[in-house]
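Marked as active site, 4-aspartylphosphate intermediate by TrEMBL: Asp389. What TrEMBL records for Asp389, Lys390, Thr391, Glu485, Phe526, Lys549, Arg582, Thr662, Gly663, Asp664, Arg731, Lys737, Asn760, Asp761 is ATP binding site. Annotation comment: TrEMBL describes Asp389, Thr391, Asp757, Asp761 as Mg(2+) binding site. According to TrEMBL, the domain 'P-type ATPase N-terminal' annotation covers 35-91. Annotation source TrEMBL lists domain 'P-type ATPase C-terminal' at 783-930. The transmembrane segment annotation in TrEMBL covers 275-296, 316-332, 400-420, 817-835, 895-919, 939-962.
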Amino acid sequence: MMFYDLFSGVKWEVRANDHYFHQSCRRKSFLCFRWGRYADNVVRSYKYTPLTFLPLNLYEQFQRVANLFFLLIVILQSVPIIATIPWYSTMLPLLFVLLVRGCKDLATDLVSLSFFFKTVKWKDVRVGDILQVHKDQVIPADLLLLCSTEPHSLCYVETADIDGETNLKFRQALSVTHTELNGDSVKQNLAAFDGIVWCEKPNGNLHSFKGELHWKGERHLLDTDHLLLRGTVLRNTDIAYGLAIYTGSDSKILQNCGKLKLKNTQVEMLLNKTVLVILLFMITTALLLAVGAGLFEHRVSPKYDVVSVLQRDSSPAYLGFITFWGYIILLSPSMPMSLYITFEVIHMVHCLLIGWDIEMYWEDNNSPAQARTTTLNEELGQVGHLLSDKTGTLTQNRLLFRQCFIAGHIYGLLISLMLFSPLDLSWNRFSCGGLKFSDQRLVDKLRERSSPECQEFFTALALCHTVMSEWRDGLPHYQAASPDEEALVCAARELGWVFLSRTRETLTISEMGLTRNYQLLALLDFTSKRRRMSVLVRDPGGQLKLYCKGADIVVLERLQRDWPLQESTERALELFAQGCLRTLCVAVRSVPEALWTEWSRTLSQAGTSTGNQETVLEEIYDQMEKDLTLLGVTAIEDRLQEGVPETIATLRRAGLKVWVLTGDKTETAVNVGYACKLMDPDTILIQGEELRSENTVYISTKILSKMTKAPEWGAKFVALSDQCQSVLCCRVTPAQKAEVVEMVRKHSTSITMAIGDGANDVNMIKTAHIGVGLCGVEGSQAVQNADFALAQFRFLRRLLLVHGHWSYYRICILLRYFLYKTTAFALVHIWYSFYNGFSAQPMYESWFISLYTTLYTSLPIQCMGFFEQDVSAKSCLCWPEIYSIGQKEQLFNPLVLAITLLYSVYTSIILFFIPMGILQYSALDYQTLAVTVQTSYNFVSYSVAAVVFSLVAFFLSTLALHSTRLFTASPKDYFFLGIHVCRLIIVHVKNISPKEEMHLIK
């Protein structure tokens, strides 16, 4: 137990091959109760079980206030003294809504359940088991790599399904387990392995792991490089053996699966407020009508014997109380119960239409558009601010090595690819082609070895990376974490500095045909915060060197004081920026042995630190990456995607404020802005407080930091940007991208959309109202965290201007119509109250109340919600100004809703008082009046075919439901005034049988 004092916080114990120990602590569960320590390896990705589906689904559905409200109405209807209409008139629509939503949830859950069947072969894996994994198999649990069939027990894994990165990553077993367990009797050795692992408790951090292996009286440190994560795929390795550390729900990938944040649209929030207003209006009206009932009982009822008999000597106050609840039941249809389920169905159909749009399908990688959420469709038609990444989003992210700066000279000609003539590289047996660099001077210097600076520069490119090599047809092919790394390593390969292979401790390269092995002592990995990476190696001559490459603004500030060629370097960077080229600086530092000994000891201490490990490592890295000597600058071309300028120009015409957030230097970003039509040729660039018309603001990272941290600055900046064409933010880190989006959301009322293609855009995508991920070459992490996924930036024009506008128009019409028809339907009861003594007498018969919303009037508006178009797709694209309808909320705002509700009042007056005025003095009975009013309501519909269907359904249902047989079987369901009064009087006067009563009534 002394271990806890030395390695505090690491309390997860795994004993190899000890089934009894782990079985005794196995985690078990019953319903919502769980106990035990170690999870099994069964992935329960489904939400429901046969035992929990009904209670859990009902609990989720009654989280909605509308469903809970109608459940309370059903309970009130079950109380005979206050029930004004039969209980089933509300129960049937409520059951229909619950059933449809339940079936949808069950179908979604069954899709998740199918994944469970795929993993059933893994279900018997337990913590402490030693597994054998073969090439191209998915890792079934988080495993500690013990050994593999590769030299030095290396192992290569593909992590695309976890972090979205497409490159291979290498893992390597501990030297002690590689040496002791490998050999001819590897399986016997593994069966006898009795090591104990102490590590951190299960958590969702995919890039961190710390622990120790206790074996044969020794302790060995463990880190991320020793761990094979569940969900990764074993590649380029025949067999790997691992010890199960975390299984099932304890594995890092499942610990990392948090709940998604539910995004609500502005339309839905306004709808919820409107429903609340309707509820308050309904309660107020019921209260006033209850007061009217009490006054009627007190002043009018005593004058009429028939009414006195009906009231049976009830006090006015008691009658008013009972009538209040009766009117609550009677007016409850004004709450649009079926609206929510119709709302969801139409959202789902809109998502399907987006995915089926052939105009947004990219054949090159078989990628259609995807709607990954079903709640934000209408908000696509209201976007006011578009915040976009540059690299990979506006550009192709297929990088070409075009120029470089070495020792005061610029190499490479920036000419059109149409006029490009490739170099003769037949002398290089490792050449794979594809180099778009043209300058024979550099090739001659490298082949003649006449420039040590050029040799050192390309040595740095061949060593300073995390690229994995894969040999095909005798040639090295590379898999890199980023296109930048791949472009640089490929360029070095074509020019004679070939990266051959790597292990955990060595790097092997070929320098003009001479193979050299470098000992890898430390790798200071690239992060979006550091914006650089470094490797510390020992060359074949024994000299220690630290090679560093990164963004120019980061590397230049770490160079030695008064470094040479400063002016020519700055001039080269400016020329590269004018050519819209991305630049990286490459530097080197010679390291004395004594200094490395000190660093090594500090790194080891940081590796076992239980506190702020990242902070400690950052301080060490800063000490290592200073006093650098500049080797040169790389210049890489990243061409714009097809259709980007036209798309941005069209979106600007539509009224969108386009912001581009990039890590590039100002000159590069500005030139790209002109190329993609973010800015016009006559645009005036401003920086600071100066303001002109038709301007573009460009902001540096230092100013941006101040604005995001100071609310008053942020508010002024957003107000300033609203008067400009566009905004260009340079030298922006991924964290600042999210801060900019948050700043715009906070100080602006418009809908924000963020679009990006890489992992560094995830925070920005998740922060915006709507996040769009592009299926780029940097993996799928942006898509996995986005609300919508596209293959190309140009498809954004159709997504917003066509599908966005249509969705906003359709859903606004749907919501307004639902509010209109339900309130008009319920208001008739209020007008009828003035004719029935405020007695909460229903205007309609019970079956009509049940079927009005679910059958008679649902199909017409659904057809509109699915297919209605105010303008064609071609018109939306030709006249993007139409899009401003959604931005200005012209179809759904408080004024429009007020007009809609006033119109429903007008409709209810017309549909009630005209039939009442015609029929009240005629010989026709109340049933005729009710059917007449009911029929008039079915003409309040749209769409010819849907209206015809609704009317046919109404008349057939009315004929069937008003038959003599149904009336005889259940006379209480036909609550018509004349029959009701006559029946009460007859029963009051004489006790007769139901048959005699029916005969007397007729």
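Residue numbers in this text run from 1 along the chain shown.
The backbone N, Cα and C atoms fix where each Cβ goes, glycine too.
Features as recorded by TrEMBL, highlighted on the structure.
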{"residue": "Asp389", "record": "active site, 4-aspartylphosphate intermediate", "contacts (Cβ under 8 Å, 6+ apart)": "Val660, Leu661, Thr662, Lys737, Ile755, Gly756, Asp757, Gly758, Asn760, Asp761, Met764"}
{"residue": "Thr391", "record": "ATP binding site", "contacts (Cβ under 8 Å, 6+ apart)": "Asn397, Arg582, Asp638, Thr662, Gly663, Asp664, Asp757, Gly758"}
{"residue": "Phe526", "record": "ATP binding site", "contacts (Cβ under 8 Å, 6+ apart)": "Thr466, Ala481, Ser482, Arg532, Met533, Gly550"}
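Its own atom aside, the Cβ of Arg582 (ATP binding site) has 26 Cβ atoms within 10 angstroms in the protein chains shown.
Spread of the ATP binding residues is 23 Å (greatest Cα-Cα distance among Asp389, Lys390, Thr391, Glu485, Phe526, Lys549, Arg582, Thr662, Gly663, Asp664, Arg731, Lys737, Asn760, Asp761). Mapped onto DSSP helix, strand and coil, the domain 'P-type ATPase C-terminal' (783-930) counts 107 helix, 3 strand, 38 coil. Count of Cβ pairs under 8 Å against the transmembrane segment (817-835): among 275-296, 316-332, 895-919, the largest is for 895-919. Around the Cβ of Asp757 (Mg(2+) binding site), the number of neighbouring Cβ atoms within 10 Å comes to 30. Sequence-distant contacts of the transmembrane segment (895-919) (same chain, six or more residues past either end, CB-CB distance under 8 Å): 270, 274, 816, 819-821, 823-825, 827-828, 830-832, 835, 843, 928-929, 932-933, 936-937, 940. Looking at the domain 'P-type ATPase N-terminal' (35-91) alone, the prediction's average pLDDT is 72.
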